[in-house]
Amino acid sequence: MNCCSSCSSYSSSEDNMNSSRRFDSYNEAFTKNFITFFLVFTIICINGAFVYTYFKGKDFQRDPRYVLYIHLVINDMIMLTVSLGLVIATYTGNPGFIPCWIMLVVLITTNRISPLNLAGMALERYIAVCLPLHHVQICTVQRAHLLIALIWLVSFIPAFTDIIIILITQPLSVFSKTVLCHATLVYNTPYHETLSLVVEVLMFSFVFLTVVFTYLNVLLAARGVSGVSRASMRNARNTILLHGVQLLLCLLSFISPFINLILVTNWPHKRTDIFFSTFLFTNVLPRLLSPLIYGVRDKKFRGKIRMHFCFKGCRTVEERMKVRPRRTSKQAIH
């Protein structure tokens, strides 16, 4: 269905849920939940460090590029937190319909925000490189905030429409029931399947074409320049290419139910292990890419991270490395 289809992917249907209880021993269930919690907690801590650095630096908050980036990071943190809650709920019991619906709305919305945010970031890099004289006028912080609001609205409407379909097609008594909290079970009508398919195809087609368009234009623009401008364009081209990798990972989570189906058909006795592995590799681990792309590759962000989080000993070593050349030069003069 979408990324949330594998957020509790190793229990993505009632049969899967029952199979997890039949085949997972207590130790296996504990191990899987511990690994999930550890990875999610680690990624949230890493992303939290970048969020802290962003809000401590006024320069970042005045740059639309970093505004869009930190929005993607915060969105990933929200998505991972809700995903972790659903995974834990798999083994602890079934929530009521309304709490489940709230979690699914948040999960589906944040999941659809990621590729749209990537498209916005790719467009910002395209304007900065190909239309540098207009970048200041077009890409402002206010417009970045408006774009974020528009992304949330566009992403929320399909998630809200799902519950409207429930109200129309299901009796009101459904809201008082406990459910297996999974999108394919809660939203199980043909209308939901059609809506989900149309939204996903349109959204990913738009984002894919946007990334390809911006990448090709930056690539063509880089051929006609040299020196510092060429290096800047090459960096922008690589950044957009990495956004394409992120989009590909989003597509992997989109097709994860089909991957699960193929693998489980061939190795049915490894059912819960397959669901667990695809969940980690298509939903959890890709969230590390956001801090890597802008955090590690960006010199400005990397410098601020060192300043805020580098240990005192690390700073002392850096200071010594700066002082040594000066002493050597003085001795050479004498």
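Placement of Cβ uses the backbone N, Cα and C atoms for every residue, glycine included.
Copied from TrEMBL, the annotated features are:
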- 46-294: domain 'G-protein coupled receptors family 1 profile' (DOMAIN)
- 34-55: transmembrane segment (TRANSMEM)
- 67-89: transmembrane segment (TRANSMEM)
- 101-123: transmembrane segment (TRANSMEM)
- 144-168: transmembrane segment (TRANSMEM)
- 197-220: transmembrane segment (TRANSMEM)
- 240-262: transmembrane segment (TRANSMEM)
- 274-296: transmembrane segment (TRANSMEM)
Reported mean pLDDT - the domain 'G-protein coupled receptors family 1 profile' (46-294): 83
Among 34-55, 67-89, 101-123, 144-168, 274-296, stretch most in contact with the transmembrane segment (197-220) (C-beta, under 8 angstroms): 101-123
Long-range Cβ neighbours of the transmembrane segment (34-55) (under 8 Å; 6 or more residues past either end): 61, 66, 70, 73-74, 76-77, 80-81, 83-84, 87-88, 279-280, 284-285, 287-288, 290-291, 294-295, 301, 304-305, 308-309
Maximum Cβ pairs under 8 Å to the transmembrane segment (144-168) - stretch from the list 67-89, 101-123, 274-296: 101-123
Tertiary contacts of the transmembrane segment (67-89), as residues 6+ beyond its ends and Cβ separation under 8 Å: 3-4, 7-8, 33, 36-37, 40, 43-44, 47-48, 50-51, 54, 60-61, 95, 103, 106-107, 110-111, 113-114, 117-118, 120-121, 124, 141, 144-145, 147-148, 181-182, 279, 283-284, 287, 290-291, 294
